[in-house]
């Protein structure tokens, strides 16, 4: 019974979402919605006045996104020499050889970085005891099995210095990767440093750092290239030997693994936990070495491939992106808009047959797939609903312009340009 109730609730929720969403053509031409694609798609494309109507829709949309009721009145424009000098000094744009201003696309780069960060996983792996003394073993989580591009990898080690013996001595800490090679295939390359080869084992210097031994603190050792090499070879474990030759004479020591809890025996012969030992163990464990890995899937990974939206070429009727560029010079707006030179007012148009509704890659694919499942089977209230061709990916746009007070404004506008279209 609870399962049936849950299904009914989800069904009703989807129906409410669809009923509350505007359908193409439900908005008046005079409105300036936040979605320029929706406004342009409802306008006639073939009539004699179609182009002016579309340009007017774009104008209203730009003013709306800049929170302006009308275009600024630039009666006394700033001299071009002063304008170009200010732009150079403030680093808000670049001036080309032809005198045109190219705005710095900081927001576009930030959007790309944010998208990249969303695809990046961060994995922290704590060290285990290695097979030999002063060696550490790191086993990279299975979470990283699909990750093949290393953005950053670091080994963190804690250097402990006794309070009574703090000198100004500097010590050198080295990390060596222990490697196993098949018999007769030992080829370390130019960057390898062999130290005490024994049979099939060899060592490669991973990282080296000179640190101050005056205080107890963490030290970071970059190992990105080594982890990248491991992933390229299909491996997931790293064995590291730690060397610090001057540590003993300076009184410093590296915390490689937490000490095991000591057991004390009471008068009755029973074992009891030593409170001091427990605190010491907890402190040691808090300084346990770890590997921090930031990695992502490669561009050609099958899980990263998603269906790209179609570009309208006049040959297909299926939902696609229609390119539409409005030059600010052509519409007489280049006197108050400094940069860019125009606006890519792309919009979505085309049919959405049932077999492509809710395609992967669409931000609306969950709801559209559920609704389409019931619609195709004639279930009420979805039987008469139709899929719509809507933007599925938008990108931001930066603008540099004058306001009514001749001030230069730079504004970053989110979701301004349609990049891809899909069926809802």
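Every residue, even glycine, has its Cβ placed from backbone N, Cα and C.
Checking the ranges 221-263, 264-306, 307-349 against Swiss-Prot, the region 'Disordered' annotation falls on 264-306. Residue 389 (disulfide bond): 24 other CB atoms within 10 A of its CB, across all protein chains. Restricting the disulfide-bonded residues 319, 352, 389, 423 to those with a CA within 10 Å of the CA of residue 312 (disulfide bond) leaves 319, listed by sequence position. Across the structure, residue 389 (disulfide bond) and residue 423 (disulfide bond) place their CA atoms 5 angstrom apart.
Counting only the Cα atoms, the space from residue 319 (disulfide bond) to residue 348 (disulfide bond) is about 7 angstrom.
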